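**Student:** Below you'll find the structure I mean.
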Ligand SMILES: Nc1ncnc2c1ncn2[C@@H]1O[C@H](COP(=O)(O)OP(=O)(O)OP(=O)(O)O)[C@@H](O)[C@H]1O
Ligand SMILES: [Mg+2]
């Protein structure tokens with residue numbers, strides 16, 4: 001079954017098209033890398049799928065139902081969380097926000113929910129910072145808290161916009177490990193990713209995007225030098241050994 | 001002194017105390033969310049804009065029935081909010097300037113209308129000017145009971161929406177992703193602000209009621225990093241300010257209530273600024289939670 005089907009998605013900012021006719025579907029239990037140069041429209045694609053911005057055209061189905069009815073099974077980590085870092089809240093509290101749909105309106109979080117939130121913090125190595133006010137965390141630590149919040153949502157399909165930006169190598173490994181566990185549990189994960197070296201290792205599907213989809217499908221068929229050159233234009237030159245080297249490594 | 005204790009035991013003053021306590025608490029609690037949403041200045045404009053509403057109702061209907069006057073206050077206050085948003089959306093004027101323009105236009109209009117009312121005095125106009133700085137002593141029991149009941153409702157409503165306000169103010173994008181009606185919660189908060197302004201203006205006055213919304217939460221933030229405690233403390237600080245303002249202005253003849261309330265709130269603020277355990281000036285660089 002397809003976890004996600006996007007058809008004819010077009011988005012424009014002012015009068016400039018940022019995405020043109022993007023269509024693809026993602027099978028359940030897959031891990032898809034969304035790859036493309038800066039400004040390719042990767043963040044725009046995720047936001048438009050989640051209906052966080054107005055679209056020119058396009059429909060989105062999540063498990064064959066319109067997105068609107070499926071919000072509870074969707075997890076999202078934005079590229080940069082635009083929050084007020086001085087807000088009176090701590091790491092554990094932020095993670096608990098991910099449990100909102102499980103706690104329900106007008107109710108307080110139960111012990112069970114708090115335990116689950118702590119477990120999520122532990123998975124990203126942040127258990128010792130649970131009661132730290134969020135402005136007193138480093139950039140990478142903040143990112144890890146937001147990943148833990150997404151994890152706490154216990155969603156069926158995850159959208160992550162550059163989750164590894166600013167995160168150290170061992171945390172990246174731990175998070176990838178976690179995502180692979182999710183995948184084995186049948187969860188579907190879409191990740192915007194810039195490091196071409198690790199694409200082969202991390203993802204079973206790849207969407208190459210530059211305003212329109214250049215290629216979509218299983219990694220070994222899509223992640224080719226020819227496709228990359230088309231996606232990145234001339235800019236691929238200095239990255240050339242990227243996909244080749246990645247094949248042999250790890 | 002004897003006089004003072006007699007005053008305290010009077011039934012009316014007891015209601016004034018309950019009213020000012022609940023009003024102060026409601027302002028502190030609601031103000032906490034307003035502060036975090038960075039809408040403190042808008043709430044000030046909303047408060048000032050309540051004055052023309054009161055005057056217009058009086059001129060049109062020749063009535064001083066409090067619920068009517070307050071309805072007028074709510075209407076002009078909402079119009080002011082709307083006009084700020086419209087100005088920001090349709091012109092190149094930034095929010096701060098739009099707030100400045102709106103506040104002065106509405107308050108100016110209010111003062112003009114008030115002067116007009118006083119010059120055409122029929123003998124029954126007295127008291128409308130107490131909407132400017134508030135006069136707890138002039139309130140009758142019914143008015144104060146209205147304030148107390150209204151404030152209590154607002155406190156309960158805010159407590160109900162606590163978690164929803166928290167998520168949608170802290171991270172609106174995420175809240176939308178969860179499927180929360182963020183726009184609706186924004187509207188609820190706006191409604192709460194208008195409501196607290198409207199029920200509070202008789203006691204505190206349009207000029208200073210915003211200070212009761214803004215100052216207690218700022219003071220509370222110096223003592224805690226947790227939203228729950230912050231709102232609770234802000235409520236307590238607001239209540240202390242409200243009660244001391246009401247008592248002092250009733251005990252000492254002709255002292256307007258609003259300024260005393262705001263002075264008490266400011267004393268609490270200064271104390272918090274200096275001694276607060278979170279980023280208070282004297283403990284800066286000290287313990288971190
Ligand atoms: N709010 C906005 N208003 C106008 N144009 C925008 C806006 N956001 C993005 N754009 C434009 O849309 C295009 C796609 O932007 P988007 O953020 O989706 O790129 P991206 O692929 O996520 O890039 P990056 O790798 O840098 O994160 C860019 O050309 C950008 O300039
Ligand atoms: Mg992006």
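A Cβ is built for glycine as well, from the same backbone N, Cα and C atoms used for every other residue.
Dumping what TrEMBL says about this protein:
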type	residues	note
TRANSMEM	B:15-36	transmembrane segment
TRANSMEM	B:41-61	transmembrane segment
TRANSMEM	B:67-85	transmembrane segment
TRANSMEM	B:97-117	transmembrane segment
TRANSMEM	B:144-162	transmembrane segment
TRANSMEM	B:183-215	transmembrane segment
TRANSMEM	B:227-248	transmembrane segment
TRANSMEM	B:260-277	transmembrane segment
**Student:** Can you say which of B:41-61, B:67-85, B:97-117, B:260-277 has the most Cβ pairs under 8 Å with the transmembrane segment (B:227-248)?
**Tutor:** B:260-277
**Student:** Is it the case that the transmembrane segment (B:144-162) and the transmembrane segment (B:15-36) touch, counting contact as three or more CB pairs under 8 Å in which the residues of each pair are 6 or more positions apart?
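**Tutor:** Between the transmembrane segment (B:15-36) and the transmembrane segment (B:144-162), which are separate recorded stretches, there is contact, as judged by 3 or more close Cβ pairs.
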**Student:** May I ask which of the stretches B:97-117, B:183-215, B:260-277 has the most CB pairs under 8 A with the transmembrane segment (B:67-85)?
**Tutor:** B:183-215
